[in-house]
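Trainee: So Swiss-Prot lists the following for this protein:
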type: ACT_SITE; residues: His162; note: active site, proton acceptor
type: ACT_SITE; residues: Ser283; note: active site, proton donor
type: BINDING; residues: Ser29, Asn116, Thr161, Asn291, Tyr323, Gln328, Lys331; note: 2-(N(omega)-L-arginino)succinate binding site
type: SITE; residues: Glu296; note: site 'Increases basicity of active site His'
Amino acid sequence: MASEARGDKLWGGRFSGSTDPIMEKLNSSIAYDQRLSEVDIQGSMAYAKALEKAGILTKTELEKILSGLEKISEEWSKGVFVVKQSDEDIHTANERRLKELIGDIAGKLHTGRSRNDQVVTDLKLFMKNSLSIISTHLLQLIKTLVERAAIEIDVILPGYTHLQKAQPIRWSQFLLSHAVALTRDSERLGEVKKRINVLPLGSGALAGNPLDIDREMLRSELEFASISLNSMDAISERDFVVEFLSFATLLMIHLSKMAEDLIIYSTSEFGFLTLSDAFSTGSSLMPQKKNPDSLELIRSKAGRVFGRLASILMVLKGLPSTYNKDLQEDKEAVFDVVDTLTAVLQVATGVISTLQISKENMEKALTPEMLATDLALYLVRKGVPFRQAHTASGKAVHLAETKGITINKLSLEDLKSISPQFSSDVSQVFNFVNSVEQYTALAGTAKSSVTTQIEQLRELMKKQKEQA
């Protein structure tokens, strides 16, 4: 009875005793890796063709295997595939079903192939597809930020450092600051995709494939860019998983920052913007509440992604060479982060595209003290060394505070008492449009500079879209 219990395992021949039920539960991954069903079939079809070319399968056998795999694919797509208790993973499930459909010929499919090279191939195929979708959503978010910046380029609001009012900026400059960060994420994603695009299939358990399998044929069939150089490395390396999770971590840092900014700006204390009802929720007790749950969830999901990266790093750091069962942990991390990014990016795009800004409240929040730097720059343009100009401007701020007035209300005599370089044209300093318009250097908040940023980002997005 014990040996029969092992007979349905791909590895059961060597064992005489049955597996402990608790061990069965711990060992099984079919509950989540069935998401690999389609790519597992895709890989098996390619491998079957390579076996036929190598003379392991006859043409008739190949046709039966391909037909059976197509039937299994159809069952998965229709949601009628029946997973059995003995199916410990997606590879076992598909092979078991193939045998039910075409008989013992199914047993030839795994010739020279190990689940070690099979599973990493499946995961890479899954990630190739998923990362293309994520890339599309990411570029759409960047585009939404850029196009909104172009439309609302004339809106000016306070810029903050340390959450204290600092200098006037354009609302567009704020939007583009987040767009630029996301373009770096898009570039990083492109690099991850390059590393994923290396074929491991044909590496066997660790020593390679002894059956003269045409790996170039496999590469072409599965649309990989290149072939792995070393079989031991190919079946065990999960650098691409770590790189993907690292990319995701940085992306979520940027999205969390943007979410936090927008949450603050949406408070009644700031009143700079209002979120759409479509991306807000209410309170079960307080009828007046409109909560920015969409942004709060984006912010919180960052911690979830960070945890996935940390867990995989901990799994990998102590492993010896080649495959170890520890690597089974990679799939849940990848699936979870793929799902998280897919949802978060779409919600973020929805938030940005539908929020309403209050130009009036933004402009009301601008205060003369924010022009203290401009006052110092006024003196610099008069030939005063910056350190002296900075000190003079600070004294002007202090004098205004002492008098209980704003800095722009200081008389010319007051200013001259601080520096003789002040003259009647100093009044031009106390204008918020003039303030932002002086930052004409590349990357600045002047309208001309912001327009250049928009043009550059549009061009960059075009290139990244072509490479996606």
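Any Cβ shown, glycine's included, is placed from N, Cα and C.
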Trainee: Sort out the sequence-distant neighbours of Thr161 (2-(N(omega)-L-arginino)succinate binding site) for me: same chain, 6+ apart, CB within less than 8 Å of its CB, listed by position.
Mentor: none
Trainee: Quick one: give me the count of other CB atoms within 10 A of the CB of Tyr323 (2-(N(omega)-L-arginino)succinate binding site).
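Mentor: For Tyr323 (2-(N(omega)-L-arginino)succinate binding site), the count of other Cβ atoms within 10 Å is 20.
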Trainee: Under 8 Å Cβ to Cβ from Asn116 (2-(N(omega)-L-arginino)succinate binding site), same chain, six or more residues apart: give me those in sequence order, or none if nothing qualifies.
Mentor: Ser203, Gly204, Ala205, Leu206, Ile235, Ser236, Thr322, Tyr323
Trainee: Measure the Cβ-based neighbour count of Lys331 (2-(N(omega)-L-arginino)succinate binding site), defined as the other Cβ atoms within 10 Å of its Cβ.
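Mentor: Taking all protein chains shown, Lys331 (2-(N(omega)-L-arginino)succinate binding site) has 21 Cβ neighbours within 10 Å.
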Trainee: Rounded to the nearest Å, what's the C-alpha distance separating Asn291 (2-(N(omega)-L-arginino)succinate binding site) and the residue listed as 'active site, proton acceptor'? Just drop the number here, would you?
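Mentor: Cα-Cα distance, Asn291 (2-(N(omega)-L-arginino)succinate binding site) to the residue listed as 'active site, proton acceptor': 24 Å.
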Trainee: Go through Ser29, Asn291, Gln328, our binding-site residues, and report the one whose Cβ sees the most other Cβ atoms within 10 Å.
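Mentor: Top count of Cβ atoms within 10 Å goes to Ser29.
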Trainee: Just counting, how many other CB atoms are there within 10 A of the CB of His162 (active site, proton acceptor)?
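Mentor: Summing over all protein chains shown, His162 (active site, proton acceptor) has 6 other Cβ atoms within 10 Å.
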Trainee: For the 2-(N(omega)-L-arginino)succinate site as recorded (Ser29, Asn116, Thr161, Asn291, Tyr323, Gln328, Lys331), determine the largest distance between any two Cα atoms, in Å, rounded to the nearest integer.
Mentor: 51
Trainee: What are the sequence-distant neighbours of Glu296 (site 'Increases basicity of active site His'), meaning same chain, six or more residues apart, C-beta distance under 8 angstroms?
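Mentor: Non-local contacts for Glu296 (site 'Increases basicity of active site His'): Ala259, Ile263.
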